[in-house]
Amino acid sequence: MRRINPYIHQLPAWPKFSWQPDVLERLLGEVRYQQGRLLGRVESLGVELRSEATLRTLTLDVLKSSEIEGEILPPASVRSSLAHRLGLERGGLPAADRRVEGVVAMLLDATQQADQPLTAQRLFGWHHALFPTGYSGLYPLQVGAWRTGPMQVVSGPMGRERVHYEAPAAELLAEQMQEFIDWFNGSPELDPVLKAGLAHFWFVTIHPFDDGNGRIARAIADLQLARADGSGQRCYSMSAQIQAERQQYYDLLETSQRGSLDVTAWLTWFLACLGRAVTAAEQTLAQVLAKARFWELHRSTALTERQQRLVTR
């Protein structure tokens with residue numbers, strides 16, 4: 001009979017993670033170089049183009065982080081909410097509903113207030129923002145508080161469910177989350193990009209909420225990446241790249257949450273995924289520049305309202 005490895009949170013050494021620096025060093029250096037080059041390009045743009053690039057990136061981040069969880073948000077509503085909160089022109093876009101406003105509020109708090117410490121109350125606020133009605137679909141949630149019951153990640157039809165993961169017991173959450181928060185607000189010796197990857201994994205392994213754990217884990221990673229960039233300008237979307245690699249993301253989480261506290265495989269994937277996110281952002285930046293050139297060439301051309309909407313999407 002095949003022996004099943006224990007979940008890593010059941011190990012006596014939990015949560016003393018380890019990794020192999022020699023395996024990660026080259027990849028980390030490449031990603032940091034990519035980030036710096038992209039940030040330099042964005043900061044060389046004018047104010048309007050920087051704002052447009054940021055708006056596009058944040059819109060993509062909100063849409064894709066929700067899409068990973070199977071929730072499809074209306075793009076125009078997301079863009080409208082972001083533009084309003086960032087003080088940008090909405091261009092006739094529709095007003096956003098409460099569901100969209102909450103997701104947007106969480107992401108902006110994470111990325112635009114990255115210098116503020118992470119606290120339990122801040123996480124509870126994000127959770128409230130994600131579930132303003134207190135429900136996930138038809139099911140009531142313990143909103144703005146750590147869960148009070150067991151938590152399993154399952155898939156498959158009723159009666160034939162497959163358990164992918166079982167999180168720590170509810171009575172352990174307060175202590176485990178305080179340990180996580182203390183580490184996140186400290187640990188200055190750890191490379192800030194590695195810290196983003198480790199924070200994402202550690203939080204989602206604790207799984208402290210009834211629902212929304214994946215989205216909040218990605219928001220925590222975005223907060224730490226904003227700290228790593230040292231800039232409020234968001235010019236790449238990690239969530240969009242994770243969505244593109246969604247199956248690998250889930251598979252790696254599942255395998256990394258059993259057996260060993262060595263998270264080299266997870267961090268290797270996280271860094272490589274981040275590198276691909278930065279590469280994809282180069283294409284977004286090219287679109288922003290192409291649109292700017294179009295308006296420069298056609299500023300004296302009369303366009304219909306529909307044509308203007310098509311260009312500004």
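Glycine is no exception: its Cβ is also placed from the backbone N, Cα and C atoms.
In TrEMBL, annotation is done automatically, which means it is predicted and not curated.
What TrEMBL annotates here:
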DOMAIN    118-272  domain 'Fido'
ACT_SITE  His207  active site
BINDING   Asp211, Gly212, Asn213, Gly214, Arg215, Ile216, Ala217, Arg218, Tyr249, Tyr250  ATP binding site
Of the binding-site residues listed as Asn213, Arg215, Tyr249, the one whose CA lies nearest the CA of His207 (active site): Asn213
Packing count at Tyr249 (ATP binding site) (other Cβ atoms within 10 Å of its Cβ): 18
Asp211 (ATP binding site) CB neighbourhood, other CB atoms within 10 A: 21
Mapped DSSP class for Asp211 (ATP binding site), helix or strand or coil: coil
Nonlocal neighbours by CB distance (under 8 Å) for Asn213 (ATP binding site), same chain, sequence gap 6 or more: Phe203, Val204, His207
